[in-house]
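As structure tokens, the structure follows; a few thoughts come after it.
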Amino acid sequence: MTTTNTRNYWLLFALAAASFVFTFHNVQYTGEEAVYPLMSYEMWYHGHLLTPVMYGQDYWRPPLDNWLITMVSMWIGWSHMLVAARLIAALATVGSGLLVGWFAGRIWKERRLAAFAALVYITLGDVLFYDGWLAYSDPLFAFFCLAAMLLGWLAVMERRVGFFAIAVLALSCAFLTKALTVYVFYGVAVLVVTYRTRGWRFLFSWPSWGIHLLALVVPVLWYAMAPAGGTMAHGMFDDIIGKLQGQGLLDYLHQFFVFPAQTFGQLLPVGGVVLYALLRRYPISRMNDPQVRTALWIAGVNYLPYWLSPQSGIRYLMPLYGIVALVLAGWVVDAEKTRRLAVKWMMAAILLKYFFALWAFPAYTDRFRPHISAIARDVLMQTHGAPLYVTNAAWVGIGVTADIDLAIRPHPPLVTPPSNLANGFVISYPGAVPPGYTVVSRYQGVWLLCRGTVCGQKDRSHE
């Protein structure tokens, strides 16, 4: 029975992973998905290998995700760069699930629990339905963060320095993907495991010191050697500090009370099954298991900064989902009644995901979201090859610009207008019109403005 359950769990995992395929191409840019594909294309076009570029301006995030998008896009074609970015995100998510399964099997020596933990991870609501496949850098960042935390955990628990070396490699890749916050995730995980296993002598041994010194050298060298290293460093720290700041007391109160509820929603269905089991006094397994408790401490301590930061978002928690999956799997796997209920809900979630991917989300997008490609085509029709610039960095503006960049190849991608622009069109934000500009067209989320002689040319084209 155990072998059968293990096979079934992996089969369900594969079905959940396969559902990502149906999200690659049937939905337009969602949210700020266009940011990384657009930057990757600009970097490739201008030959900027080390510096991400957006609208011709240096961007402050490191470029590892851009490199991967570029490689895949060069293979399948730049016209499919959104598919490339979503493919990378989905593969990273599947990789995170496999990491969770591998780690669970190693620490508990149970194949059934390994498969169950992987299944719990990939069916978490936010992972399966939304942030696990969107073309953000977060799934890739989460994969490397999770790898660093789990390998650091194993290094301390098994007193193996080699795991530290691999953890530091993952740590560096996470930094080059997105942010310095990976050092916090990793540091908390290693310190918690060290405290609970009394591994201080091992952690502060000379080999450990040397390996972790290399981890700190990587960002220093990157910012010192990258062409726009100073800009990237300032942007990184400004972003982290900005997430901690609110506009007033209400922002902090809203975050304090609403964020936990949002978090719980992302951990459905198994998180909901555990809560239901506790309320109905169903059995819960491994409540005192030392590994479950360690995972709970790692997740809890790392959660605090995001809970208390008014500008933090749910997707920033993705590195912790794998740790939480270990907790949920441990609590459920040996309690037969609770486990059966959890499996039923995970199966329902997978079926719902196929309905979501094949019909619900495309239908919702078509009815309620701005039609990015239609706006891009209309802008090109109205500008007739005249100088065209962009200032709109909201999600609709970025998506429209990404479509236009591909449509006007081999001409250069759009950039921001010069401060003394005398003649040209501008893809702008809706609202106040700068002096000297005229509104040409109003779209949902985007306005097309003109200035100079092109305005007259546009008027004559409609006579």
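Using N, Cα and C of the backbone, Cβ positions are placed for all residues, glycine too.
All annotation found in TrEMBL is predicted automatically rather than curated by experts.
Note that this is a predicted model, so its numbers are computed, not measured.
Residues or ranges marked as domain 'ArnT-like N-terminal' by TrEMBL: 23-223. Residues or ranges marked as transmembrane segment in TrEMBL: 9-29, 75-101, 113-133, 139-156, 163-186, 206-226, 314-333, 345-364.
No contact links the transmembrane segment (345-364) to the transmembrane segment (163-186), because fewer than 3 Cβ pairs that are 6 or more residues apart lie under 8 A. For the transmembrane segment (314-333), the list of distant contacts is 96-97, 99-100, 103-104, 108, 112-113, 116-118, 120-121, 124, 126-127, 131, 136, 138-139, 141-142, 145-146, 149-150, 181-182, 185, 189, 262-263, 266-267, 270-271, 273-274, 277, 284-287, 289, 291-292, 295-296, 298-299, 302-303, 306, 339, 342: same-chain residues at least six beyond its ends, Cβ to Cβ under 8 Å.
Same-chain residues lying 6 or more positions outside the transmembrane segment (206-226) and placing a CB less than 8 Å from one of its CB atoms are 50-51, 62, 161, 164-165, 168, 171-172, 175-176, 180, 183, 232-233.
The stretches the transmembrane segment (75-101) and the transmembrane segment (139-156) meet in space: the count of Cβ pairs below 8 angstroms, excluding pairs fewer than 6 apart in sequence, reaches at least three. Within the model, the domain 'ArnT-like N-terminal' (23-223) shows a mean pLDDT value of 97, rounded to a whole number.
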